[in-house]
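A quick write-up on the structure given underneath.
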Amino acid sequence: MASYKFINSQRINKSLIVPSRLGFLMFLVFLIEISFNFRLNFLGILPLSIPHIFGVLFAPLIHGGFLHLISNLVPFFILSFLLYYFYDRVADHVLLNVYLVTNLVVWMAGRPYFHIGSSGLVYGLLFFLISMGIFRATFQSVLIAISIFIIYGSIIYGVLPSNGRISWESHLAGACVGVVSAFYNSRKVRLSSF
């Protein structure tokens, strides 16, 4: 009888692929902006603007500065790695939903200015992983949820309007999409192929 290995190098390598590629793309976009001294904010989400609906695809790749990039990139990398490590069978579906649906909600209901950054994606992943602990209530899912809450729990307040320069709409939309994705996927029997 094979024993379950919590840490598996093959699993780690596989779980790093998508987070690394998407993180590299975010960093590359930032390097292009600073190298050519050219802002790409116009590729962000401008709510209810038909010509700017493409922002649904590009907004998470664009950041307002190095601090904005790093403050999103580090938690994105950690949370997406955990998603792919523990829930690899549904990870692509969850990430795509959080990415697209969050941004579409912001495009439909956000304040009328450009929304950029991957914080909506971070909130979606955060709330997915925490909600899986609540909905599945297995030892592993609860342990993951508690660990993430201890590390990132303070950012939960970001779903509330506080700073006019921060897209709390992205945070709130990401959180809602994460919870709904967790509820939907929590009913599946096997979420990991390991």
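Just so it is clear, glycine is given a Cβ too, placed from its N, Cα and C backbone atoms.
Some features that TrEMBL has for this protein:
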type	residues	note
DOMAIN	54-186	domain 'Peptidase S54 rhomboid'
TRANSMEM	16-36	transmembrane segment
TRANSMEM	43-63	transmembrane segment
TRANSMEM	69-87	transmembrane segment
TRANSMEM	94-110	transmembrane segment
TRANSMEM	116-135	transmembrane segment
TRANSMEM	142-160	transmembrane segment
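Listed by sequence, the residues of this chain that lie at least six past the ends of the transmembrane segment (116-135) yet keep a Cβ under 8 A from its Cβ atoms are 26, 41, 44-45, 59-64, 68, 72-73, 75-76, 79-80, 82-83, 87, 94-95, 97-99, 102-103, 106, 141-146, 148-149, 152, 155-156, 158-159, 166-167, 170-179, 181-183, 185-186. Across the domain 'Peptidase S54 rhomboid' (54-186), the DSSP tally of helix, strand and coil residues reads 107 helix, 1 strand, 25 coil. On the 0 to 100 pLDDT scale, the domain 'Peptidase S54 rhomboid' (54-186) averages 94 in this prediction. Ranked by the number of CB pairs under 8 Å to the transmembrane segment (43-63), the listed stretches 16-36, 94-110, 142-160 are led by 94-110.
Using a Cβ-Cβ cut-off under 8 Å and counting only residues 6 or more beyond its ends in the same chain, the transmembrane segment (94-110) has close neighbours at 18, 45-48, 52-53, 55-57, 59-60, 80, 83, 87, 120-121, 123-125, 128, 167, 169-170, 173-174, 176-178, 181, 185.
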